[in-house]
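Feature annotations, reproduced from TrEMBL:
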- 425: active site, 4-aspartylphosphate intermediate (ACT_SITE)
- 425, 426, 427, 563, 621, 655, 736, 737, 738, 838, 844, 867, 868: ATP binding site (BINDING)
- 425, 427, 864, 868: Mg(2+) binding site (BINDING)
- 43-110: domain 'P-type ATPase N-terminal' (DOMAIN)
- 890-1140: domain 'P-type ATPase C-terminal' (DOMAIN)
- 82-98: transmembrane segment (TRANSMEM)
- 305-326: transmembrane segment (TRANSMEM)
- 357-379: transmembrane segment (TRANSMEM)
- 925-948: transmembrane segment (TRANSMEM)
- 954-974: transmembrane segment (TRANSMEM)
- 1004-1025: transmembrane segment (TRANSMEM)
- 1037-1060: transmembrane segment (TRANSMEM)
- 1072-1091: transmembrane segment (TRANSMEM)
- 1111-1130: transmembrane segment (TRANSMEM)
């Protein structure tokens, strides 16, 4: 931004008009007539105290994006915890543990539950506290507010009230929705940047009512008062209806007087405005939605597994209860030494069914180890640690802004590895709003030697393929032909790199060609056409110049970045635009001009000038399809050559415009100008149509001058990131508030679109007044377009064909309705890329919801502005970009990054890792708990279903808390199937997540079956070996404690060796946790056996005196460990040998160092591993190569055909 001084008192109200006549003011129009629901808001200007009581009391300006507050935290957080099925079960078990029927003490059941739930709630509180802190940063921003007697004081945004008069200075955000009263310009206009609302980069002009223009200093508000009657709060950003009562007059209000919260004041020193809507009543907040409570798909599926295990628990409990009823009725009376019935009536042979019911409850608690209570807390710990790794990843740290990545919630880490569709904002997310003038075509001659990124990539790829072909023995004649053509095609690439010393980079100007620089264009043929070309660049625009007083160079505030690049190019070519007034543009000379803005509907812009000789010219620039249709017969001299250049520029990924002109007679111009002034000053609904008709009359019979090509500067790494995500198999949709043309150009720039891709544009037709039901006619027309497009995709037979769907917000209004949305979604799914333009924030959220619910797959939304909040919250995963346009998107997001390019690493690396880690961790958890829990059930059958556990209570407490928890946590935190570099080189590995290869039901039941097998081996091998035989040197047989301890030792060895076999990546931490857990078990037995408490359970010196001296104990442990893990070892060996997964192949290549020894094989594997994408930079380069090879093949065939007759 230039630091030059703005001339604040120049009247600029006519900069955006086509004629010098001022249109009739809005005060001459009638006030709006409205009443009834939807139009009840009354605002007393400069009297905020009037809005402290109902019915005029409105909401405060305080905003919050948190899930909880002080009152709701406890009930909502408890609900969040106990909607988890396992927690609900353990809550019931904890309550029952207070009764005599519990086999365990109350403390042993309540304490783990309280720890798990408390830890999870504390994590939720910390994450929500961070959101609160970021909210307060916004709420505590300062605003200048009128207090009394013309005095303005600073006040926090959150304390603003409806009716307050505020002063907003240049480059500041508007704190609420305001009615513009006056500005630093005499005619009350101001320039507003709405990028944070609708994604548009061009500046909007807002204009105050003439009656309030005198309120241009602080003192003038001393006695100011007025009443605004307007519409109620609503989410429409582009409409506003109201009346302003001031000095006994009523004036109509429209959107041109409204300044929306979170838009920014630009190019204007200050404005005064009165607050109309505050806080959640403001339009930007009306477009937001409440912070949703998100749960990952894996966690939801985990609930289903809990249901299955709970069903198994109830089933074996019922079996145990039935067995107990039989024993109680028929055997218990004979066991006199048990003193039955007992005092509590739990064992009463006279009431076996009552005793059986009590035993059922006991069994439900006893076998509860089937359901792992530590699973949730372990996952919470793992996810927090995973989030720390994301936060501290140096590769996702933005050095320019000093901003790291931030996992704002860790609940969704594994979702990052399962994303199917990305829905992205454009402005500030994909683009950095900078364009470089790169090439041009003037009078049929191309200029500009620097290559675009697409050309450079194609040249590099072609060189690699030529090298491969030469290694593979391609026929010499073919290689020679291909080299020659490639050399010709990519001459610009070679030339652009041959310069000795390159000049310092000029923002917006990447042109290199000495034929036009330094005035050399005078020496070129057709210099008169070049003069016109440069004049069109420097004159045909709506920009505002600003002089940087330090450098003396003019910079430009333009409606769009490409317009700014044209002016920079014109300046570098020697045509410097330096000043504009309401009647002239100064480019070295002064001459009258009348201009109008380029509209997305018109696709062109024209300006009429009178040159130094008095000749009147119409200068025009616009889309080539529009300009070429308007050329005169004698104006098509350069059409063929220019068309070829435009196609070449398009293939090179450049944005193009055509330039044309025509000479006007004085009489013809005067007659036309009268018609134009009439249309401009008319009042009525057909005013725009009249203007379009009159303008169209003039913009005919043009003479072609040339074309421009600018390279759209995306954020650093965006094309490469999109390319990698496309190769990973992700679908990418762009949802933007920008015009269709801008969105399409960005699509080309980031390779979502390319030359040869078939564009399907769904638009809304203009209905005739004769139609009885216009809305139904429009819907039928849209549905017909969708049906035809869907049919066209189905009938396409070319495997390389790619389709792009482009739709605007107006059409989306219809297609998102229930009777059409599924047809629209089916069409969109069949397209390689989807671009939705001119969409409101609400529509962004609705499209996201449609994709999420319609496909049933995981969606990710990414954006940087307040207009993206609804989309971010609606998606399964919301990613905010912490750019310069406020922090609303970040505050509503689940993950925050500084640049779009970091999304590649967030998904392809961290997402892939987190998904596999969590999936394997959960499967292992259920495996080990089934293996452990079922051994308790087996022993029950041997113990008469008495409710007696084979294990000492301390063993059972340590199993989940210490002995098996740390290894599984290390699996969830450190496991890597491949390293990060390989993840990025083989992006198709990512598809393991969306396909859910590691957490499908086949794998889940496989792990459950493994747990069942382990439980059978552990229990029955120990029972068979220790049962009814001496196992010590003294001839003693094993008691229950000895068998239980030996059995538990076997489980500890089996499950810890199992997790070692599961891991692919070892650090010293994993080794320490796995083998340390086993060592800790023996240490515990050593210490526990020396305690007096061990005497109570017959475990005194259980290791040193009972088990350790017996060789059978160690032999049994070894046998159990081998027998339990042998099937899994055989399974993974067979899979790696005969049906390997992608990462298995890569692991072996890396292990045998084939990636270093045989680079050709490594490159071939990488190419095979690419997902066959139809979007992205690679797909674009492939299309370019296919195009070049087609031309080469054609040329080679023609050469052969010519040579045959000669022979």
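Glycine residues also receive a Cβ, built from the backbone N, Cα and C atoms like all the rest.
TrEMBL does not curate its annotations; it predicts them automatically.
Touching of the transmembrane segment (1004-1025) and the transmembrane segment (954-974) is ruled out by the presence of fewer than three CB pairs under 8 A, sequence neighbours closer than 6 excluded. The transmembrane segment (925-948) shares the most Cβ pairs under 8 Å with 357-379, out of the stretches 82-98, 305-326, 357-379, 954-974, 1072-1091.
Note on the domain 'P-type ATPase N-terminal' (43-110): DSSP counts are 31 helix, 3 strand, 34 coil. In this structure, the binding-site residues under consideration are 621, 844, and the one with the smallest number of other Cβ atoms within 10 Å of its Cβ is 621. Here the C-alpha separation of residue 736 (ATP binding site) and the residue listed as 'active site, 4-aspartylphosphate intermediate' works out to 5 Å. Residues 931, 1010, 1013-1014, 1017-1018, 1021-1022, 1025-1026, 1031, 1046, 1049-1050, 1053-1054, 1057-1058, 1061 of the same chain sit 6 or more residues outside the transmembrane segment (1111-1130) yet have a Cβ under 8 Å from a Cβ within it.
The average pLDDT the prediction assigns to the domain 'P-type ATPase N-terminal' (43-110) is 82.
When the recorded positions 425, 864, 868 are scored by other C-beta atoms within 10 Å, 868 scores highest.
Within 10 Å of the residue listed as 'active site, 4-aspartylphosphate intermediate', counting C-alpha to C-alpha distances, fall the following of the binding-site residues 621, 864, 868: 864, 868.
Tertiary proximity for the transmembrane segment (1072-1091) is limited to same-chain residues at least six positions away from its ends with a CB under 8 Å from its CB atoms, namely 954, 958, 962-964, 966-967, 969-970, 1045, 1049, 1052-1053, 1056, 1059-1060, 1099-1105, 1107. Residue 736 (ATP binding site) has a Cβ environment of 29 other Cβ atoms inside 10 Å.
Remote same-chain partners of the transmembrane segment (357-379), defined as residues 6 or more beyond its termini with a Cβ less than 8 Å from a stretch Cβ, comprise 84, 86-87, 89-90, 93, 96-97, 101-104, 109, 112-113, 115-116, 119-120, 302, 306, 309-310, 312-314, 316-318, 320-321, 324-325, 345-346, 918, 921-922, 925-926, 928-930, 932-934, 936-937, 940, 945, 947, 949, 956, 959-961, 965, 968-969, 972.
Cα to Cα, residue 621 (ATP binding site) and residue 864 (Mg(2+) binding site) are separated by 32 Å. Here residue 844 (ATP binding site) is positioned 13 angstrom away from residue 864 (Mg(2+) binding site), judged by their C-alpha atoms.
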